[in-house]
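S.K.: Got a structure for you, written out below as structure tokens; questions coming shortly.
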Amino acid sequence: MFQTLYSYFWWERLWLPANLTWADLEDRDGRVYAKASDLYITLPLAFLFLVVRHLFETYVATPLAGLLNVKEKVRLKATPNAVLEKFYSATTKHPKQADVEMLSKKSGCTVRQVERWFRRRRNQDRPSLLKKFREASWRFTFYLIAFIAGMAVIVDKPWFYDLREVWKGYPIQSMLPSQYWYYMIELSFYWSLLFSIASDVKRKDFKEQIIHHVATIILISFSWFANYIRAGTLIMALHDSSDYLLEVGVSPSPAVTTLCPLPTSPPLPPSQSAKMFNYAGWRNTCNNIFIIFAAVFIITRLVILPFWIMHCTVFYPLDLYPAFFGYYFFNFMMVVLQSLHIFWAYLIIRMAQKFITGKVVEDERSDREETDNSEEEEEVAKNGPLSNGHPVLNNNHRKTD
């Protein structure tokens, strides 16, 4: 049965145009072609990326955060309460009003105290500023290096200037060592993102990010199997051109947390919270980078990708061979990624509108930290600083909340 499924999966008509077989893509006369077995190396490389990331965040990003004066915000801790903690862990982090009243009776706390406890408990679970900065620093470093490497791989190739050259001689197109390593590194990186997504900073577009990573991995892998390497390198370099900007720039306002990366690889999603300079408090720098990022993102993802690259992958191949399954599948995955780009572009444009009109700009996907109510702020003004939510009195005794 396994052999039958294997035969169906690698049936030439799924991957190659009519009248061509896998034998046509066997290495000969010094010409090397992409093989499915080449991608096995991406899984161990993905785990190597995780190790390198840990070392980078520990020995590079953390000291950098100190140099840029990235400071943690002091968070008020929720006082231990078994009843509320059990409900928080087993039921929901956002209780409804009826639940709050029920928990008030069970725990012996007032309704206001229960609401305040849940706010503080949710804040405790939110990622720290240092974690966000370290993650943004790692992604910025990779995306910048990947963009430079990608341009080095394609800038001297004829298909970079004439998209019809992408399909010249397809699929009998020899693979270059630079293309091999560009593919392996990009695919390995996206595998590492998928492996670490559960522990990374989560945004409201968490599901969209998973879809993006999976679609990207499928698209890169399929383009390798079907020898769509020339098109694949163009797509990856195009996406890398704006991803690194997303990681250093952020929302144009002091009270913000900004965008995050967008599906990169071919593409990357816009979302992650306040980026590096935003965390460091460099507001003017953040504002300028945000403007540049928004312009580059819209030009590359909403103009060049659909009207140049996708036009190239949809129409030019039909001049050479009849459409086959691989042709439809590749372009379907491109449509999926383009849909995600439109979703993220909508969020970026909303932020840009607020920025231009002078309103407070916040990452539409960001999960903001909650603050205690104004009543508590009044207590602070009257009674002094708080310790775990309780005003500290001069006699060193805590006032019961």
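Glycine is treated like the rest: Cβ placed from N, Cα and C.
So TrEMBL lists these for the protein:
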| type | residues | note |
| --- | --- | --- |
| DNA_BIND | 69-129 | DNA-binding region |
| COMPBIAS | 369-379 | compositional bias 'Acidic residues' |
| DOMAIN | 67-128 | domain 'Homeobox' |
| DOMAIN | 131-357 | domain 'TLC' |
| REGION | 362-401 | region 'Disordered' |
| TRANSMEM | 39-56 | transmembrane segment |
| TRANSMEM | 140-160 | transmembrane segment |
| TRANSMEM | 210-229 | transmembrane segment |
| TRANSMEM | 289-309 | transmembrane segment |
| TRANSMEM | 329-349 | transmembrane segment |
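Tell me what's around each of these sites.
M.R.: Summarised by DSSP class, the composition of the DNA-binding region (69-129) is 36 helix, 0 strand, 25 coil.
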S.K.: Mean pLDDT over the DNA-binding region (69-129): what is the value?
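M.R.: Mean pLDDT, the DNA-binding region (69-129): 88.
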S.K.: Same chain, outside the transmembrane segment (210-229) by at least 6, Cβ under 8 Å from its Cβ: which residues?
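M.R.: For the transmembrane segment (210-229), the far contacts come to 15-16, 25, 33-34, 36, 38-39, 170-171, 173, 175, 179, 183, 186-187, 190-191, 193-194, 197, 235-236, 262-269, 313, 326, 329-330, 333-334, 336-337, 340.
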